[in-house]
Amino acid sequence: MKALVLLLISSALISGSLGKPVFPEREKDPKFWNAWAQKTLKNALTLQDLNKNQAKNLILFLGDGMGVPTVTAARILKGQLSGQSGEETLLEMDKFPFLSLAKTYNTNSQVPDSAGTATAYLCGVKANEGTVGVSAAAVRSDCNTTEGNQVTSILKWAKDAGKSVGIVTTTRVNHATPSAAYAHSVDRDWYSDNEMPAEALQAGCKDIARQLFENIPNIDVVMGGGRKYMFPKNESDVEYPNVAKHSGTRKDGRNLVQEWITKMQNKNSHYVWNKSQLLSLNPANVEYLLGLFEPGDLPYELERNTDTDPSLTEMVDVAIKILKKNPNGFYLLVEGGRIDHGHHEGKAKQALHEAVEMDRAIGRADLLTSTHDTMTVVTADHSHVFNFGGYTVRGNTIFGLAPMLSDVDQKPFTAILYGNGPGYKIVNSARENVSTIDYQDNNYQAQAAVPLSMETHGGEDVAVFAKGPLAHLLHGVNEQNYIPHVMAYAACIGQNRDHCSTRGNGEHLHPSLAALVSLLTITRLIC
Ligand SMILES: *[C@@H]1O[C@H](CO)[C@@H](O)[C@H](O)[C@H]1NC(C)=O
Ligand SMILES: *[C@@H]1O[C@H](CO)[C@@H](O)[C@H](O)[C@H]1NC(C)=O
Ligand SMILES: *[C@@H]1O[C@H](CO)[C@@H](O)[C@H](O)[C@H]1NC(C)=O
Ligand SMILES: *[C@@H]1O[C@H](CO)[C@@H](O)[C@H](O)[C@H]1NC(C)=O
Ligand SMILES: [Zn+2]
């Protein structure tokens, strides 16, 4: 019976994708919408009782390139993957009570890149494009502008305050986003010494992979890709021993993984390079974890070999279970790093499945933490020139066609389109007729207005979703570098701790009350 109902629902949705709108009968009744809105209002009224706890734990989920159109399209996709029409679906991030917009521009760029923006939302300072962990006084690729211009990240502030810290990404662990958490590099592309100019090495600049191990002592959890940058040049890869492009890259001949293993021995530390090793760990017995699952970036979720590579959700699950053992709490940076790559390739289906997977990871983190003591923020570094439109009917597959032909060339068009990118395609000196090809293929490149081998970032604001202690401070339209200031304030780390109680992880107190408490504490000590 249940199967029959499901079958009926899915066949109804298929007819929806053919152009007939499908929506539940109850939506015709005003009572349905009124009741839903009243329930939302009731929930909103409870938010007047603000959560002013001190945040013990901080989690930042960063969807690389996850602009607002990507969030909406991922929501519809997630709903459709579970048999709904999709528009009404709630993403995990949609359930966060507080929302703001972040202005993403870099100091020298109206439309930003992932390096300058990472410096903003991790180090609290806007910076030039292409640079990580240095202020805007540093010039891209100019090694000699590094010294004196380094800025530190909230991951370091958290570590200095005795918290455990972690980085989990689907890209290389030395890619732009994660690297701003630990490195100071005037060039995001200096992955290992192999990618650096000789002058920069001579002038004393260090590659980013090396800085991962040398800058902040003992980052507790690091998971992602990027193995090849850690091994000596030409040393064959453990997983792809016969593929030369996956071999080690380091010209200095160092084996950073072996150095880490040696340094961390007797500290309940584990290095893993595949999924079965990761999932066989008991997080209760692990203090330090280094997981490098691919020589470069991890594969797209749609192409992942589920026997060898963990999903983002699986990595986040293990990371939080390890980090949360610290009674002082933790800071965790999670990057859904390949949403951006899917868009750059014009492959909207890859990008949106990456976004849905990050949303699953947000759900897993929710199960493992409490809003009582954990502040979680979900945002993007920047947007893309990705969009969807065309008056599609309710329940239309997100990868489907608009329900009309162009009134200019009389051809169909997909709802998803890019402003520029590799999907620009002329066939017989005219726009391609998408009905002659499989526009629902995983690697279909949606049409773009301007031909470019790589689709570009977008310049509009991105959403910042927040929940947990002091999440309401993320409201309105703000500069992107405001984010770590709020998170640090909520956790009483970094600068600006005057508001913090002397009792550690307790409730926030009014400053004068806090002064009274400390006076009483001192008095008690004296007596
Ligand atoms: C820094 O290096 C660049 C070359 O990379 C050079 O042109 C410049 O003069 C140097 N500046 C200083 C202050 O040494
Ligand atoms: C690595 O291999 C290339 C190609 O075989 C060779 O030219 C290069 O000298 C090797 N480098 C090292 C450090 O072994
Ligand atoms: C995972 O790594 C372990 C340890 O090196 C190895 O024994 C195992 O075969 C690997 N599994 C896969 C699927 O590669
Ligand atoms: C587009 O392709 C479809 C499917 O082959 C065809 O029915 C339609 O006539 C084509 N439209 C134009 C304008 O060529
Ligand atoms: Zn990008």
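Cβ atoms here come from the backbone N, Cα and C positions, even for glycine.
Taken from TrEMBL, the feature signal peptide applies to 1-19.
The Mg(2+) binding site annotation in TrEMBL covers D64, H175, T177, E335, H344. The Cβ of H344 (Mg(2+) binding site) lies under 8 Å from the Cβ of G65, H384, G421, M454, E455, each of these being in the same chain and 6 or more residues away along the sequence.
Neighbour list (H382 (Zn(2+) binding site), Cβ cut-off 8 Å, at least 6 residues apart, same chain): G65, G67, T104, V111, P112, D113, S114, T117, H457, G458, G459, V462. Among the features that TrEMBL reports, Zn(2+) binding site is placed at D64, D340, D381, H382, H457.
Look at TrEMBL and you will find S114 tagged as active site, phosphoserine intermediate. Taken residue by residue with DSSP, S114 (active site, phosphoserine intermediate) is part of a helix.
The Cβ neighbour count for S114 (active site, phosphoserine intermediate), using a 10 Å radius over every protein chain in view, is 27.
Around the Cβ of H175 (Mg(2+) binding site), 27 further Cβ atoms fall within 10 Å across all displayed protein chains.
According to its DSSP assignment, D340 (Zn(2+) binding site) is helical. Residue pair H175 (Mg(2+) binding site) / D340 (Zn(2+) binding site) shows a Cα separation of 12 Å. Report note: the Zn(2+) site is defined by D64, D340, D381, H382, H457, and the residues of the same chain whose CB lies within 8 Å of the CB centroid of those residues, excluding them, are G65, M66, P112, D113, S114, T117, I339, A380, S383, H384. D340 are the binding-site residues among D340, D381, H382 whose C-beta comes within less than 6 Å of an atom of ligand 5, given in sequence order. A helical conformation is recorded for T177 (Mg(2+) binding site) in the three-state DSSP classification.
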